[in-house]
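Peer 1: I'd like to ask you about the structure that follows.
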Amino acid sequence: MAAPEPARAAPPPPPPPPPPPGADRVVKAVPFPPTHRLTSEEVFDLDGIPRVDVLKNHLVKEGRVDEEIALRIINEGAAILRREKTMIEVEAPITVCGDIHGQFFDLMKLFEVGGSPANTRYLFLGDYVDRGYFSIECVLYLWVLKILYPSTLFLLRGNHECRHLTEYFTFKQECKIKYSERVYEACMEAFDSLPLAALLNQQFLCVHGGLSPEIHTLDDIRRLDRFKEPPAFGPMCDLLWSDPSEDFGNEKSQEHFSHNTVRGCSYFYNYPAVCEFLQNNNLLSIIRAHEAQDAGYRMYRKSQTTGFPSLITIFSAPNYLDVYNNKAAVLKYENNVMNIRQFNCSPHPYWLPNFMDVFTWSLPFVGEKVTEMLVNVLSICSDDELMTEGEDQFDGSAAARKEIIRNKIRAIGKMARVFSVLREESESVLTLKGLTPTGMLPSGVLAGGRQTLQSATVEAIEAEKAIRGFSPPHRICSFEEAKGLDRINERMPPRKDAVQQDGFNSLNTAHATENHGTGNHTAQ
């Protein structure tokens, strides 16, 4: 009789399934962004109409769409914009909105305050991108709304809707990180199609920046060729870049235009210039954006003939850059009554500056420890050890050999100080980087240590006085302080053809002198 076979061991249990994405997150309240990109079938219905709620819910979770879908949205929206006039005409009731600057989650709040785009007419005054870290989400969502509501939602061009600024600030980098350069180029083509101005109710001129000494009538705007990159000077540039003078309504000089020293291009226009333009064109007021406002809006001096504010600035990005601590506002105009609705900022996901990843963020800590080890290794050499092993080496001088090693120790010590400052003062470094246009600190700040960082200046003379005294433990606590620190970013960035720009500045000043005198205006 055969012996019974030994019992076989039971097979090991299958491994547990991997945890769902985000299950191991430290902050459980922050959901993991969707990894799935929306497809054409999910974004568009069978008739090719965008499902705006599906897109909105996905973007709010930091989700993305297929690149081809992003291109389709951008191109379809651009086709609608190309059919519009350079100066569109819109009717009340309407809600007018100012700068958005990539603050997508605040844009969602704006629509809560202003009303659903399905039954509310909207006019946006430009600057949808740059500075904020959700610019492409703003573009995709607004372009989908334009596709859905082409006759009730209107988009104007701001000074940031151009290649020059989006390359200099954050939008191009954001497009390349989240999508591709193809998406960025499609956005630039779409931006070239945006109208430059709107005539609201035959009463208000709506524009991003303001007036130009070369624009006297509304027909001058209508005749402009807008399908191009905005030039560094001229009427198109002025519509996007000009500002009211600081002493608007209380001018010491009656000259209408002076060189805009804050922007480094275009002009300041004053109260008499606005009143003359309004009277010549039978208008009530000019509504513009382009400047952050503590309350989200500003009403300027009233016209002596109509009793209505001659100029209104509206700004719709609350707590701009996460440091201004300002309110945002939208302007609702209905039945000849104008109402301002303010709102505060909404919570939003955090991005490190310039879309830095956590590994790059951790490098200062690693670098500090490595340099500490190198310093300790080199520092153990005694004078006796330095004297040994061939004094004839290094030009035959032991002193030269010792000096070479000491120089290495000093160099590594300098590196250690840089990494130490980066780690210990990371919050201040981030703040300074966020307030400089290139996202980079001034040369030598970190190597000089904490004291140098305290007295760091940004890249232009105009910002020096504002940022002097900025110390690492200090938090920006007022609107005016943030505006002063950020002033360098209000300038037109330097162009590759810098020589031509110098000529343009002289030409602009000469043009203002020839046509309007030489009024001097103090910049904000």
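Cβ coordinates come from backbone N, Cα and C, glycine included.
Residues or ranges marked as region 'Disordered' in Swiss-Prot: 1-25. Residues or ranges marked as compositional bias 'Pro residues' in Swiss-Prot: 9-22. Per Swiss-Prot, region 'Catalytic' is recorded for 65-356, and the stated evidence type is a curator's inference. The Fe cation binding site annotation in Swiss-Prot covers D99, H101, D127 and rests on experimental evidence. Residues annotated as Zn(2+) binding site in Swiss-Prot: D127, N159, H208, H290. Positions annotated as motif 'SAPNY motif' by Swiss-Prot, on the basis of similarity to another entry: 316-320. Annotation source Swiss-Prot lists region 'Calcineurin B binding' at 357-379, citing experimental evidence. The annotation region 'Calmodulin-binding' is assigned in Swiss-Prot to 401-415. What Swiss-Prot records for 416-423 is region 'Autoinhibitory segment', and it gives experimental evidence as the kind of evidence. According to Swiss-Prot, the feature region 'Autoinhibitory domain' maps to 474-496, an assignment based on experimental evidence.
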Peer 1: Return the member of N159, H208, H290 nearest to D99 (Fe cation binding site) in space, with distance defined Cα to Cα and candidates limited to these binding-site residues.
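Peer 2: The answer is H290.
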Peer 1: Beyond the listed site residues D99, H101, D127, identify every same-chain residue whose Cβ lies within 8 Å of the center of their Cβ atoms for the Fe cation site.
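Peer 2: Result: G98, I100, G102, G126, Y128, V129, D130, R131, G158, H160, A289, F315, S316, A317.
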Peer 1: Give me the non-local Cβ neighbours of N159 (Zn(2+) binding site): same chain, 6+ apart in sequence, Cβ-Cβ under 8 Å, ordered along the sequence.
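Peer 2: Set apart from N159 (Zn(2+) binding site) by at least 6 residues yet with Cβ under 8 Å, we have G126, D127, L165, H208, G209, P230, L240, W241, H290.
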Peer 1: For D99 (Fe cation binding site), which of the three DSSP-derived states applies: helix, strand, or coil?
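Peer 2: Going by the DSSP assignment, D99 (Fe cation binding site) falls within a strand, counted as strand.
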Peer 1: Tally the residues of the region 'Calcineurin B binding' (357-379) by DSSP class, grouping H, G and I as helix, E and B as strand, and everything else as coil.
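Peer 2: Breakdown, helix to coil: 22 helix, 0 strand, 1 coil.
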Peer 1: Around the C-beta of D99 (Fe cation binding site), how many further C-beta atoms are within 10 angstroms, looking at every protein chain?
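Peer 2: Result for D99 (Fe cation binding site): 29 other Cβ atoms within 10 Å.
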Peer 1: Around H290 (Zn(2+) binding site), how many other C-beta atoms are within 10 angstroms of its C-beta?
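Peer 2: That number is 26.
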Peer 1: Among all protein chains shown, how many Cβ atoms are found within 10 Å of the Cβ of D127 (Fe cation binding site), not counting that one?
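Peer 2: Excluding its own Cβ, D127 (Fe cation binding site) sees 27 Cβ atoms within 10 Å.
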Peer 1: With DSSP, how much of the region 'Autoinhibitory domain' (474-496) is helix, how much strand and how much coil, in residues?
Peer 2: 11 helix, 0 strand, 12 coil
Peer 1: When the motif 'SAPNY motif' (316-320) is classified with DSSP, how many of its residues are helical, how many are strand and how many are coil?
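Peer 2: Counts, helix then strand then coil: 1 helix, 0 strand, 4 coil.
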